[in-house]
């Protein structure tokens, strides 16, 4: 109904109606308004529409009877007129009850009118054509009594003849419209043909003038005319002959077909009698009777039963497997019961039943044979009909292709003979065509010769004119002749035009006089009618004023009533909405009441499983879990607050220590570069790595001891140097281990998240990696249902490895109550990469096909819990070669360079953490392997790092204690040796030097290099070296005497943190180079 109404409104809003309706306004139309719309549609379909169509010049014309206001027309006449139009348009009502349809049309019933409008608007062009033809083809019913009159009969006969003539003309008009010819094209063709005709006439006249001087002109023209006429006559006779031959051939073909039919009939009737024909007809009648009364009704009844069964199946609700099993069981029981009955009947062994069974079998066999014969007859008839249809189609195709019947036998022989005759005629015509072409060549050559002669004659004529002094006379004479010819034509045309104008004036004058004489009595009658019209106008104005007053009153009353109706409708709608709202609230309250009753039953139940299902128990358990979690989080918060200050200080100390070690590394590199530059002659090539490291740090003070005369101070400096060398080597080695450990821990920057803390979120890992654990606590909580999406950059894939798994499986390992699922894509609707995963078998590896994976972890309300899972992931791509900021794994994966050597296997084959010869990627490969093993046993990276730091610190403290005791012992022995040497009367200070000038220059360069490296600017403000205070030199030994100003330690000004003690250099104990002793007093 809504689609029907929508189509009607859309069509009425278009051309040519333009009503501007919508669904609501059109549906709100009154019955009278709806009938007016229907009447307007009838007026549009009628070809006479709203215009006045004059039948004859001067006649008043007829107006479209459908274009009117139905309020001015009686209801019975409106109904009769509309029913007549629908009858002409051949409208079929949707109901068979005619009286009901007429009543609905008169009353303006919406369903009836809507159906009529939909039918009309769907076929407007066709109905316009039908309405136009109906004006001329619907015959006027004349009673038989009136037709007794001769005049009426003659008029009716003429009317019928005109109707038939109209039919023929309309058919021709339709065919002409379909042919595609237009009047404008025909006019253009006629105009062009007239122009060509004029040109041909002019050429003929010019040729006549030229050939008039030729002797025997008339006789030659007469001969040429006769020749042309004879050729035309010969051509027409040849066409007639060909037509006669075709007619003869068709007549022969018809005769042959008739003879064949006659032979077939004679052959069929040979030896046949009336009794045989009657028997044959009776047999056909019996077969048809059997088919029509027995076979076909049974087949129809069987089809109906099948349709009924199918309808029952369709109407039945959807059946499950249990219903199907029940039906199969019933079928088996019925078959078993039937078999039992058959066995019982066979066991009785009644002879009468045996005979009846034999007769029944014979009857059934005969019936089957009868049905088979009927089926064969029916199939044969169908095959015959199909063959005849195919034969007719083939014959029709043959007619269309060849233009005649298919030839057979003698007809084909005659056709071959005829074709031979045509080939002979074709050869003759081709020979004639060759002769004509040869003649055409001769005539062309003759024309060319004549043209040349004409040109020669023209040139001779021009020469004669030039000699006589009248040049151009011939051309001027031709032009004058042309002008005279044109003038005569124009004069003739003007004369014709004047005659036409005079005739037109006479016709118009006579027409005007006739019209005046015809209008004179009409004007006489018009004068009193004008007076009457004025009187009627006054009466009309009075009546119109009364109508307007009453209409205004009625309109006011109608608006009041509409307002009341609108108010009542709004109140009714409000009450209905309130009713529905209260009903909905009642259902909600009933549902809540049912839930409360169920909760009370579960609460009062003695079964612990039912109590666990109650909302109270579930909410209590969740509240307890949240309180425990809050308590744990508060303890963590307290621990973080307490360790924040020390941790910050420790971090600052580590940073300062890292800067000190960096400065030491630069000094060492500077000295090594200097040694390479000098060729290794200054400090000895056999010096150990620890000596070179200590030597690099003490270069800044080397020059202070070159010119010292105090042997005691040199000895003290030597003791300090040896002590500092050993102490620095041992402590430096341990500190380097600490720094390496710090860097390793610092490089383990993988991003670790807890899935339960990021529930329902998406993390953009870009091109990096990290770890995911199930929860922050020791065990995961009950009733967990969380999803976490890892989103990498476009074009990347994600690699995941299950490092640790502790999710207890339920039902003795049969299924997973708590489980982990891994999906390929940004949501849990993608394809599954793994899951459900439970138990304790870790080590599974997964790779996504896209740039996103989703982890889903669920747990039930069971009391059995585990520590969850721990997953290592990394974003990778398989492009080869890898980019500069990527690391290529052994399996072809390209991961971020930052993921290398971070104590986590992000490649899957451990190549990013291996230190083997094949993959020498990390200096701490063994540590990485051990950490990976520890992680697989359930320890996190933070716990492993803390344990490693504690162990290393403990080892460092032991090493420092051992160093302190060894150095204390060495210091005591050195001081004793110094006291004994002081007692010698003559002290000599021996300074060993080899090439003193070169050594001094090298030491100056090393000092400048060390000072330049140590004096790099620091972010924090430091005072200049001259103003920075120097701390007192520590007294490492009790018997150590204070050194002079030149022997004091050198402190790097720009290095933050605690001061660094650098001992003075000492000459090597075993001279391996050419040294010259220098004695000082």
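Using N, Cα and C of the backbone, Cβ positions are placed for all residues, glycine too.
Note: TrEMBL annotation is automatic and uncurated.
Not measured: the values here are computed from a predicted model.
Each residue in the coiled coil (152-275) has a pLDDT score, and their mean in this model is 84. Residues or ranges marked as coiled coil in TrEMBL: 152-275 (among others).
Marked as coiled coil by TrEMBL: 370-467 (among others).
Per TrEMBL, the feature coiled coil maps to 544-578 (among others).
Marked as compositional bias 'Polar residues' by TrEMBL: 49-65.
The compositional bias 'Pro residues' annotation in TrEMBL covers 1055-1068.
Positions annotated as disulfide bond by TrEMBL: 759-786 (among others). All protein chains included, residue 786 (disulfide bond) registers 20 other Cβ atoms within 10 Å of its own Cβ.
Marked as disulfide bond by TrEMBL: 882-894 (among others). DSSP gives residue 894 (disulfide bond) a strand state.
Within 10 Å of the C-beta atom of residue 907 (disulfide bond) sit 27 other C-beta atoms, taking all shown protein chains into account. The DSSP secondary structure for residue 907 (disulfide bond) is coil. Under the heading disulfide bond, TrEMBL lists 889-907 (among others).
If you look up TrEMBL, you'll see 759-876 marked as domain 'CUB'.
Per TrEMBL, region 'Disordered' is recorded for 49-70 (among others).
If you look up TrEMBL, you'll see 1014-1081 (among others) marked as region 'Disordered'.
The transmembrane segment feature in TrEMBL is assigned to 939-967.
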If you count other CB atoms within 10 A of each CB, which of 759, 882, 889, 894 wins among these disulfide-bonded residues? 889
Round to a whole number and give the Cα-to-Cα distance in Å for the pair residue 786 (disulfide bond) and residue 882 (disulfide bond). 35
Run through 759, 882, 894 for me and report the disulfide-bonded residues whose CA is within 10 Å of the CA of residue 907 (disulfide bond), in sequence order. 894
Per DSSP, what is the helix/strand/coil residue tally across the domain 'CUB' (759-876)? 0 helix, 65 strand, 53 coil
Given the disulfide-bonded residues 882, 889, 894, which one's Cα is the least distant from that of residue 759 (disulfide bond)? 894
Measuring Cα to Cα, how many Å separate residue 889 (disulfide bond) from residue 882 (disulfide bond)? 10
